[in-house]
Amino acid sequence: MKEALTSPTAQAVGFLFGLLIISLSTLTPAEYLPPAPGSDKLHHLIGFGSWALLCAFGPMRRFIIMAILMIIWGGMIEIIQPHINRYGEWLDFIANTSGVLLVVFVKCLFESAFKRSA
């Protein structure tokens, strides 16, 4: 079971699923979105962190490449949003990036802890 969750295919599926969900939720015009309680920046951090978490179970090298692509896409979203009746904010980009980097940091901690104990 562990091999199925950490396979490159599972990692790629997680990346594509996250890309779809993030794209739909951030590029849908504002008038079609339901109201959401809480901080917009926290939503961005949780959304991008969750996307990164979907890809974290697999080879580190591939995960880092995916994390870089997530950060780039987070920036592109903020550039695209003003053209589709949304607001592009660079603070949202910082929250997106923070969510991804938080998961990268935690993955690095876990991998280093498991290497020491092995």
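Here the Cβ of each residue, glycine as well, is placed from N, Cα and C on the backbone.
The feature transmembrane segment is assigned by TrEMBL to 12-30, 42-58, 63-84, 90-110.
For the transmembrane segment (90-110), the residues of the chain that approach it from at least six positions outside its boundaries are 40-42, 44-53, 56, 60, 63-64, 67, 70-71, 74-75, 77-78, judged by C-beta separation under 8 angstroms. Long-range contacts of the transmembrane segment (42-58) within the same chain: residues 5-8, 10-11, 14-15, 17-19, 21-22, 25-26, 36, 66-67, 70, 74, 92, 95-100, 102-104, 106-107, each at least 6 residues beyond the stretch ends and with a Cβ under 8 Å from a Cβ of the stretch. A Cβ distance under 8 Å defines the sequence-distant neighbours of the transmembrane segment (12-30), meaning residues of its chain 6+ beyond its ends; these are 47-48, 50-52, 54-55, 57, 66, 69-70, 73, 77, 80-81, 84-87.
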